[in-house]
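K.L.:
Below are the features I grabbed from Swiss-Prot:
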| type | residues | note |
| --- | --- | --- |
| ACT_SITE | Glu329 | active site, proton acceptor |
| ACT_SITE | His330 | active site, proton acceptor |
| BINDING | Tyr133, Gln191, Asn214 | NAD(+) binding site |
| BINDING | Ser240, Gln262, His265, His330, Asp363, Glu417, His422 | substrate binding site |
| BINDING | Gln262, His265, Asp363, His422 | Zn(2+) binding site |
Amino acid sequence: MISTQYLIPTYWHRCSISEQLTLLTRPINKHNNSIHLDVKYILDHVSKLGDNALIKFNLQFDYVNTISLKISPNKIINSGNSLSKPIKKAIHSAIDNITRFHTAQYFPKVDLEIIPGVRCKQIIRPLHTIGLYVPGGSTPLPSTVMMLGIPAKIAQCKRIILCSPPPIPNIILYTAQLCGIEEIYQVGGAQAIAAMGFGTESIPRVDKIFGPGNIWVTEAKRQIHYITNKVAIDMLAGPSEILIIADKTANPIFIAADLLSQAEHGPDSHIILITPDMNLAQQTRQELYKQIQNLDRIDIIHQSLTHARIIITDNIMECFQISNDYAPEHLLIQTQNPENYLKYITNAGSIFLGHWSPESAGDYASGTNHVLPTYGHATTTSALGVADFQKRILVQELTQHGLLQLSSTIQTLTKIEKLKAHEYSVIHRINYIKGTT
């Protein structure tokens, strides 16, 4: 039974500013010097020894003696043979939905005549070589393959490689194949990030690394980005978060289930319910006690609930003010007419509107991406999408007439900034046009 000292509803306006800040403080991110040094050791070895270091670390950390790091095409092709029809059907359905939503994200071309003789364009080019990291662990994560692989394929990246700890389950290989990924390597952890960041005899150096992972993977991404100054990363993943805003129309059974769906991710998961209805808060609290008894990861959930919060506000609008300050990874709005509140939301990774929109839908099959900013980064960072696998290149073309039109503006501004060479790059052309060179 979960301790009754947890999840005690707190009235927001009865708290001091300091207490309010504490209520919204996330669990401390477990980053310490020991992890930094461990990861640095791994990165140094992979940088110097290449594939030999990867084979060594596979044996050391995953207890697998890998003769070949690359998964053979034949194994990928046959990976679906051991999967049941319902599993294949679910994967296909999710891929269809995710593909449809992400295809709609494709950047439109911009081609505009600003003034006569001055044309500006924005052209889109895919990243050439990208690396996808899919964590291992006690259960396979085919959804991560989809969330990374589908937008990469839509963006038309030229070379997509995937790394995952050995032995890689068939369901991961099958899902990757359906997402158009053919280059798969059995290597995990910080060493996989190092391989993609530096390149080895087997694994190419990539332009950008995508994918979640544990604290060692996250630290490896941080260090690789800093060391190479060339390899980009998608984002630094933190513990999972959910914030639910609910009114009296909400169902406490649904709320409890949604909160627990995030609590089971890990002991550092942060779950918050904000409501103006104390009765709903108490009902949800009791429902949490009931539902947790039927779940598998009870110890993890218990740890997560030690820093869970139920906040009582004076009105529904105050809920959104608090949520914007917190900037949650997942924001669920379980109220009457939830779409009316969208205009008040400024900070959130992904929003789930209404009583029939569980967070699990976005995690797997609604079509949106589940790679989202955490730890308050939703104030400045967006969910993963097709744009993250592309770059925008700007083009401008001026005719003689166009340059004559702009010349006085350019020269005036270059004089203000005292950049004479800039000014003369225009003057020489104007003189040529006027025949005075």
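Our numbering is plain: 1 for the first residue shown, then up by one each step along the chain.
Heads up, the Cβ atoms here are built off N, Cα and C, so glycines get one too.
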K.L.:
What does DSSP say about His330 (active site, proton acceptor): helix, strand or coil?
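P.N.:
Assignment for His330 (active site, proton acceptor) reads strand.
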K.L.:
Cα-Cα, whole number of Å: Gln262 (substrate binding site) versus Tyr133 (NAD(+) binding site)?
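P.N.:
Each residue's Cα considered, Gln262 (substrate binding site) and Tyr133 (NAD(+) binding site) end up 21 Å apart.
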K.L.:
Show me the subset of Gln191, Ser240, Asp363, Glu417 whose Cα is within 10 Å of Glu329 (active site, proton acceptor); these are the binding-site residues I mean.
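P.N.:
Correct set: Ser240.
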K.L.:
Quick check for the class: what is the C-alpha distance, in angstrom and rounded, between His422 (substrate binding site) and Tyr133 (NAD(+) binding site)?
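P.N.:
Just about 45 Å between their Cα atoms.
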K.L.:
These are the recorded positions: His265, His330, His422. Which one scores highest on other Cβ atoms within 10 Å?
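P.N.:
Comparing the recorded positions His265, His330, His422, the most crowded Cβ belongs to His330.
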K.L.:
If H, G and I count as helix, E and B as strand, and all else as coil, what does DSSP give for Glu417 (substrate binding site)?
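P.N.:
In three-state terms, Glu417 (substrate binding site) counts as coil.
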K.L.:
Where Asn214 (NAD(+) binding site) and His265 (substrate binding site) are concerned, what is their Cα separation in Å, rounded?
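P.N.:
Rounded to a whole number, the Cα-Cα distance is 12 Å.
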K.L.:
For the NAD(+) binding site, please report the maximum Cα-Cα distance among Tyr133, Gln191, Asn214 in Å.
P.N.:
13
K.L.:
Could you give the Cα-Cα distance between His330 (active site, proton acceptor) and Ser240 (substrate binding site), in whole Å?
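P.N.:
Ser240 (substrate binding site) has its Cα 8 Å from the Cα of His330 (active site, proton acceptor).
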K.L.:
At the Cα level, what's the spacing in Å between Tyr133 (NAD(+) binding site) and Asp363 (substrate binding site), rounded?
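P.N.:
Approximately 17 Å lies between the Cα of Tyr133 (NAD(+) binding site) and that of Asp363 (substrate binding site).
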K.L.:
Given the recorded NAD(+) site (Tyr133, Gln191, Asn214), which additional residues of the same chain have their Cβ within 8 Å of the Cβ centre, ordered by sequence?
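P.N.:
So the extra residues in range turn out to be Pro135, Cys163, Pro165, Gly188, Gly189, Ala190, Ala192, Ile193, Gly213, Trp216, Val217, Ala220.
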K.L.:
Please report the number of other Cβ atoms within 10 Å of the Cβ of Gln262 (substrate binding site).
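P.N.:
Gln262 (substrate binding site): 27 neighbouring Cβ atoms within 10 Å.
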K.L.:
Here are some binding-site residues: Gln191, Asn214, Ser240. Which one has the most Cβ atoms within 10 Å of its Cβ?
P.N.:
Gln191
K.L.:
Go through Glu329, Glu417, our recorded positions, and report the one whose Cβ sees the most other Cβ atoms within 10 Å.
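P.N.:
The largest 10 Å Cβ neighbour count belongs to Glu329.
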